[in-house]
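Shown next, in structure tokens, is the structure this report addresses.
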Amino acid sequence: MEFDTIAAISTALGEGAIAIVRVSGDDAVEKVNRIFKGKDLTEVPSHTIHYGHIVDLDTNQVIEEVMVSIMRAPRTFTRENIVEINCHGGLVSVNKVLQLILAQGVRLAEPGEFTKRAFLNGRIDLSQAEAVMDLIRAKTDRAMNVAINQMEGRLSKLIGRLRQDILETLAHVEVNIDYPEYDDVEEMTHNILIEKATHVRAEIAKILETSKQGKILREGIATAIIGRPNVGKSSLLNSLVQEKKAIVTDIAGTTRDVIEEYVNVRGVPLKLIDTAGIRETEDVVERIGVERSKEMMSQADLVLVVVNYSEALTNEDEDLFRAVQGKDFIVIVNKTDLPQAIDMERVIELAAGNRIITTSLIEEQGIDELETAIADLFFEGTIDSADVTYVSNARHIGLLTQAGKTIGDAIEAIENGVPIDMVQIDLTRTWEILGEITGDTVHESLIDQLFSQFCLGK
């Protein structure tokens, strides 16, 4: 597939030690060579790096001192010729280098266009392309490992095997329909068809079993910290984040809005949401914060309910416990450095079997136990299994769920005695749906939409 030559700054904008301008296309080397003073880049071997200068052809002025990497097709990320110009990391100089390249007839790349070309040129499939962004956005080592496994094609291989199983079954059905008179063709009975379709459904279900943990690793656990004012919610946020993100005072109602922060807890990304203290108030601004707190609580995957060890439970505390019933929650009894006034038996009753952690945040006690409880609640020690291929992308999960339903419809049709040639429709649809994950049967509009979410230069 032939494309024009594109270029973009591939490193984050801002001051830094190094910035990289990436150029990809059939004539990428020739275009860069025009403005490069040093070795003749058109004559150098592939996968080599060369020192020189970028020169403004109009003024013959040296613009930058650079190192230029030459990578020739097809052994490149895009399977096109790629040139990467390593500049100093100043905003002015790197933008000037980019402008000089564009002046040679090179087009500014769209967001994600380098990865899109890698997909369109067959270097990677669609699930691997999506994993590139997952790797960039990974917030923990475990999330990074999930993305790398997907980039290496683990999910693609699983999907490929399933599609091959369906394809072989479809071919067997076709032969039975078109050549029923041939004695050397194995008859595709309803029992054989059910066995093959059931195997595919079981494999899809097995992959989907990892989706909850995979999605958490990719997107994080939305965790709301709730409680009455001044029970230690902001102190808990600061302790988990290990820096002062929220203002902590003895004045009730200090936190008036929702504060969000990502934190790595035992390899699990937590999207921590410190909410305004929930209480009845006449303060208009605080009341808005309280309403937002209730909204965040309802949307959270996990709720940390904070109560005060040195105060008796109030009606507001008990209302909070009732509000979180049916959700995953952990109770934090804070301020254990102060004399006890809380009824712990009542706390145990309200917790209804959920974990209770006692903390003294001012003395930094109880945080390790809380972090362990959070990790155990969602992963139960299974997350470290190197053999598990996690499915974490919402698009993939939706397609797998859809494929599972379609193959289920096929099984139901077979069991009801529907003719085999009619069952073929559901089998074909399942094969197509699974192909959308890897991009084998995907619409061009979806491809454009997916790659538009990438950052510029990737």
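Indices start at 1 and increase along the chain as displayed.
Keep in mind that glycine also has a Cβ here, set from the backbone N, Cα and C atoms.
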Binding-site annotation, Swiss-Prot, (6S)-5-formyl-5,6,7,8-tetrahydrofolate: partner of R22, R123, K458 in E64, E65, E84, E415: E84
Averaged pLDDT score, the domain 'TrmE-type G' (220-379): 79
Distance, K233 (GTP binding site) to R22 ((6S)-5-formyl-5,6,7,8-tetrahydrofolate binding site) (CA atoms, angstrom): 46
Longest CA-CA distance among R22, E84, R123, K458, per record bound to (6S)-5-formyl-5,6,7,8-tetrahydrofolate, angstrom: 19
Considering only the binding-site residues E84, R123, K458, which residue has the minimal Cα-Cα separation from S234 (Mg(2+) binding site)? K458
Among all the protein chains here, how many other CB atoms are within 10 A of the CB of K458 ((6S)-5-formyl-5,6,7,8-tetrahydrofolate binding site)? 19
On a C-alpha basis, identify the one among E84, R123, K458 that is nearest to K233 (GTP binding site); the candidates are the binding-site residues. K458
